[in-house]
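Noted in TrEMBL for the protein shown:
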TRANSMEM  21-40  transmembrane segment
TRANSMEM  60-84  transmembrane segment
TRANSMEM  127-142  transmembrane segment
TRANSMEM  154-174  transmembrane segment
TRANSMEM  228-244  transmembrane segment
DOMAIN    242-404  domain 'DUF418'
TRANSMEM  256-278  transmembrane segment
TRANSMEM  298-316  transmembrane segment
TRANSMEM  336-355  transmembrane segment
TRANSMEM  367-388  transmembrane segment
Amino acid sequence: MAGSSYILSPISTGKRVATIDILRGVAVLGMLAMTIQSFAMPMSAYLNPSTYERLSGNDLYVWLISHVFADQKFLGIFSLLFGASIIMLSQKAQKEHLRSTDLQYKRFVYLGLLGLIHAYLVWYGDVLFMYAVCGLLMFIFRNKRTAVQLRAGIIFLAIGSAISLLLGYSVALWEPGEYEVRRAQIWDQPAQVMADEIEGYHSNWERQILTRAPQAFRLQTTGFLLRYFWKISGMILIGMALYKRRVFKGKHSKKYYLKMIIYGIGIGLPLVAGGVFIDFLYNWDYRISYFFTSQLNYWGSVLMSLGYVGIIVLFCKASTRSFLAKRLADVGRMSLSNYLLQSILCGFIFYGHGFNLFGDLDRSAQAVFVLAIWVVNIMFSSIWLKYFQFGPFEWVWRSLTYGKIQPLAKGD
């Protein structure tokens with residue numbers, strides 16, 4: 001951009017949609033409740049919790065709560081809001097008589113670059129790169145009617161589900177021994193493979209990268225194409241439609257949001273719980289759990305994400321001025337910075353350049369660190385926003401997008 005006249009003015013605190021900030025805050029905090037396992041334990045433990053450490057007593061309860069109520073649910077909210085942000089920026093550019101296309105594409109490119117840095121240098125489970133790619137491709141839907149966006153979103157979700165089911169049914173056609181190889185790669189890793197991963201993350205930063213890079217690459221290629229692309233894209237499209245229909249702004253009746261809660265959680269929760277029951281019934285069989293019962297959480301989490309949106313919007317309609325609402329809104333205004341801060345903190349807690357606890361903490365102990373990091377996120381956001389307009393990484397992203405260093409301190 002050549003000058004300030006081509007730069008969208010920042011949204012002032014008074015004009016921000018508090019409900020959307022609160023939704024972002026809840027989403028970024030909630031995501032850590034499940035992703036903590038990926039920071040603290042070998043990679044396969046996230047997909048198959050029975051493969052590492054015991055899954056009984058308090059650890060079982062912690063896993064059940066995090067899986068049933070958090071896994072994919074808060075990521076789903078974040079995906080909805082990413083779709084909403086595409087529409088928000090487009091509408092704001094239109095009001096200020098600016099073209100948003102170049103701006104949006106730059107925004108996606110720099111988010112993707114930030115995601116790559118995050119994935120390979122900090123944590124393999126990065127979602128920023130995936131959001132950037134999905135946003136770049138879904139951007140063409142921004143001006144479509146909401147009905148088209150909703151239908152397209154459901155189609156994308158269905159394609160992702162169909163791929164998993166077809167792969168599951170295709171197992172019978174695999175070459176001899178291929179099933180065992182794939183299961184050992186991602187589902188039921190041999191003890192030596194997990195020991196090597198633990199050693200890698202217990203080592204210095206350079207050795208950690210050698211361990212992390214193949215994991216990140218696998219997630220961003222086959223994992224992304226076969227699983228994550230379809231769901232994230234589908235939720236982005238649905239988020240576009242919901243924003244246009246003013247769902248996130250709380251413009252509908254209380255009855256409307258109660259229906260979101262009743263149908264979303266009333267149908268989604270039994271689906272997710274049923275999947276867990278079947279997983280234990282079949283002793284976490286690779287084919288059944290990875291390809292088939294995972295679809296119960298896949299669809300159940302979509303519905304529960306919508307139900308959670310209903311709960312949060314009703315909370316906001318009751319009060320956006322309470323202490324809790326303000327703190328969550330602060331976290332949401334700095335959602336990118338808080339997401340990356342979680343990774344940085346977890347790196348120091350679990351990896352060799354810090355306290356070196358990778359592979360040593362059970363799920364109950366991990367839950368304590370989740371609560372502690374939530375406190376840090378809330379305090380950091382509250383203090384930072386007293387003096388600055390944006391979070392630190394939001395400021396970097398914005399400055400890169402506009403090709404010019406943006407004002408950061410309040411009053412600049």
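Each Cβ is built from the backbone N, Cα and C atoms, and glycine gets one as well.
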With pairs closer than 6 in sequence left out, are the transmembrane segment (60-84) and the transmembrane segment (336-355) joined by 3 or more CB pairs under 8 Å?
no
Please identify the stretch among 21-40, 127-142, 228-244, 256-278 with the greatest number of Cβ pairs below 8 Å relative to the transmembrane segment (154-174).
228-244
So if I exclude everything within five residues of the ends of the transmembrane segment (21-40), which remaining residues of that chain have a CB under 8 angstroms from its CBs? That is, six or more out.
46, 49, 66-67, 69-75, 77-78, 81, 123-125, 248, 308-309, 312-313, 315-316, 320, 325, 327-333, 335, 338-339, 342-343, 346-347, 349-350, 357-359, 361, 363, 366-367, 369-370, 373-374, 377
Arithmetic mean of per-residue pLDDT over the domain 'DUF418' (242-404):
96
